[in-house]
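The next block holds one structure in the form of structure tokens; read it before the comments.
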Amino acid sequence: MSGDRHPLMYNKGGQDDGLYGATSERDTLDTMSTESVELKGVKHSEDYENPAFAHSQESIAKSDVEAGNGHTIKNHAYEDVTPEKVGPNVVDAGMVSTPIAGDGDTPQTDGDNEFEDLEEEPPNGFYRGIAAIQESFQAAYRQSGHIFWWVIYALFLLGYLVYFSYAMYYRFGDEGSVRLLVITIITVVLVALTIVMSVLGNNVDQVGEALAKFGETRAWNVIKIVLCVLLLVALVVYIVVEVAIPNPYNLVSITGMLVYIILLFVFSSNPARVKWQPVIWGMALQFIFALLILRTSWGYQAFKWLGDRVTEFLAHSDAGAGFVFGFDTYEHHFFAFKVLPVVVFFSTAISVLYYLGVMQVVIRKVAWVMQVSMGTTAAESLNAAGNIFIGQTEAPLMIRPLLPNMTKSEMHAVMTGGFATIAGSVLAAYILFGVPANHLLSASVMSAPAALAMAKLFYPETKKSKTTAAAVSAMERPPERNIIEAASSGASSSIKLVANIAANLIAFLALLEFVNATLKWCGHRVGLEPPLYPELTFQLICSYLWWPFAFVMGTDAQDCRKVAELIGVKTFLNEFVAYDYLGKLIKNKEIFQNYTSHNYTEPPEYIFDDIFLPATNQTLVGGFLTPRSEVIATYALCGFANLGSIGIQLGGLGAMAPSRKSDMAKIVVRAMIAGNVACFLTACIAGLLYTEDTIV
């Protein structure tokens, strides 16, 4: 290992000719495949939910052409899949490699090379001695630099062990000690996995290949059938005992799940070719996550603790916002000076985590779980896992070289994953709206397998995939040279994201106000006005149009119109407006509970959906939701599936694979519908497992 290499490394996988074209490039990759590379991150494009990355669309398109990925493909000669089986390529869960040859990234050169050297005067003896000592040190470092760094790491580890041991001895049992323990355990596990995979990478590959071959045998098919039957019986017993008997209304959510699955199956592009393994396992993973979060005290407390820590972490953005906008007045303009700075801060954090390689490790482990259980291809699984943490145009950058050669079903799965999830940076803003952080986090995780499940149901695979696990192992490294540059890059690249959020909110809220004013005017012409009737608005229309969808999710009957209104606003406008409205309803509930706890003599007055509090002279516009409805609405809204995101996806993915723009345009509406249904299914499972003990 050379002196300037980091000791925590992964081996790099090779590529094939079918993906990258030129033989010379393949030879270059084969030569590079024996090297070790640093665990680094992914450089992403700036787009709507771009938290920390700065590739321009123009440079992406250019790099595709240079890498052989932008060539025109007029006829994708995919081989038909036999109806019996589609064999997935198992992705290596622990390999991260350098970018492919010709990835379009311009090498950063030393700026000093552009200048002529000054005329050097002959040094005296003192300076010659200093130079000789310096050169000897440099030569020793080049020869044994790795030993120097291992000594530094060993001293750092020893110092941390001393600190950790004394901290646990000095004070244990409070939240701070638990936090230190959790962080230490996670760090040790990640470092151990990194070292093991770097040393035993080839052996792990061989085990994976053996398991893949066993998965094609008849014995494994029998084992799968037996396991599925046992799991189904256990599921039925659990639902009857734990759900149906104590909370019979929760069974309405099962109706919703069946309705959504049947609708997507009936309107599937090829119902006869639907493979049910990804559908069933995708929903099973959803159910497992929901079971841990909503039905186990330790699972709920773990996610609540994680949500509280995220909220606490994001609160540090107040220091920067207060300094720039004034500590005494910045909260007076809550969204502009309180919410948007959080996006900048979180974008910086994500960029640093990518530079350190943390995000890549986490994403790959989640992708491996989904691929092995659901049977989806490596590229689909990796993209779905990435969507948990990053946005709909950043996650596909991890598989950018594969996009031009993807089947339509794979492309549909990639787009559905973007529509069904949200980016971590905007999640921070939703938390500040008052939406429960723990449910937002769990919704982001649960919707990833649901997106793959609904994508394969609505647009099943009929061709053999050309994407290979070796090709997927090539993840681009970030161009930043140190952590300071990574932080600065993340902050700078958030400028466009913040501007897009602010501009979209101004535009859509103004448009909504205009539409509502027009509808109210039309309604007044025919007598639709208070106090006899509610005013005709866009929200009122949505509340009736989406009422059946809200009801079958398990929403309380009195809240169905309000939840339906939220779903309509999210679909036709965007999720920011919908979560803003949901946050106001949650705040209304707190105000109402505070009002009733004071035992005022004047009772609340209900005026359609609004609630007037006479004693405090307050009007709670829209009223509030029950805890069950709040939870279901939180899960149902957790995705980018709206009309505006269609343009965002076509623009982002089209720049990565220009030759597939026509195919993307044909399937993007289907993907948006599948993404919405994935969110609805997540809400159904949350409604199925909801109990009164679930704290929002």
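Cβ coordinates are placed from backbone N, Cα and C, and glycine is handled just like the others.
Unlike curated records, TrEMBL annotations are generated automatically.
Taken straight from TrEMBL:
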REGION    1-33  region 'Disordered'
REGION    99-118  region 'Disordered'
TRANSMEM  147-166  transmembrane segment
TRANSMEM  178-201  transmembrane segment
TRANSMEM  222-241  transmembrane segment
TRANSMEM  247-267  transmembrane segment
DOMAIN    256-326  domain 'Concentrative nucleoside transporter N-terminal'
TRANSMEM  279-298  transmembrane segment
TRANSMEM  335-356  transmembrane segment
DOMAIN    336-434  domain 'Nucleoside transporter/FeoB GTPase Gate'
TRANSMEM  413-433  transmembrane segment
DOMAIN    439-687  domain 'Concentrative nucleoside transporter C-terminal'
TRANSMEM  439-459  transmembrane segment
TRANSMEM  497-516  transmembrane segment
TRANSMEM  536-554  transmembrane segment
TRANSMEM  667-690  transmembrane segment
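Of the ranges 222-241, 247-267, 413-433, 439-459, 497-516, the one with the most Cβ pairs under 8 Å to the transmembrane segment (536-554) is 247-267. Note: the stretches the transmembrane segment (413-433) and the transmembrane segment (178-201) are not in contact (fewer than 3 CB pairs below 8 A, sequence gap of 6 or more).
Taking Cβ pairs closer than 8 Å, the transmembrane segment (247-267) reaches residues 239, 274, 279, 283, 454, 457-458, 549, 551-554, 674, 677, 680-681, 684-691 in its own chain, all 6 or more past its ends.
Count of Cβ pairs under 8 Å against the transmembrane segment (667-690): among 222-241, 439-459, 497-516, the largest is for 439-459.
Outside the transmembrane segment (222-241) by six or more residues, the chain places 251, 254, 280, 284, 287, 688 with a CB less than 8 A from a CB of the stretch. Taking DSSP states H, G and I as helix and E and B as strand, the domain 'Nucleoside transporter/FeoB GTPase Gate' (336-434) has 81 helix, 0 strand, 18 coil. Assigned with DSSP, the residues of the domain 'Concentrative nucleoside transporter N-terminal' (256-326) fall into helix, strand and coil as follows: 60 helix, 0 strand, 11 coil. Below 8 angstroms of C-beta separation, residues 261, 264-265, 267-270, 274-275, 278-283, 285-286, 289-290, 293, 303, 306-307, 310, 366, 370, 374, 376, 380-381, 384-385, 387-388, 408-409, 412-413, 416-417, 419-422, 424, 427, 430-431, 631, 634-635, 638-639, 667, 670-671, 673-675, 677-679, 681-682, 685-686, 696 of the same chain, each at least six residues beyond the ends of the transmembrane segment (439-459), sit close to that stretch. Mean model confidence of the domain 'Nucleoside transporter/FeoB GTPase Gate' (336-434) amounts to 82 (pLDDT, 0 to 100 scale).
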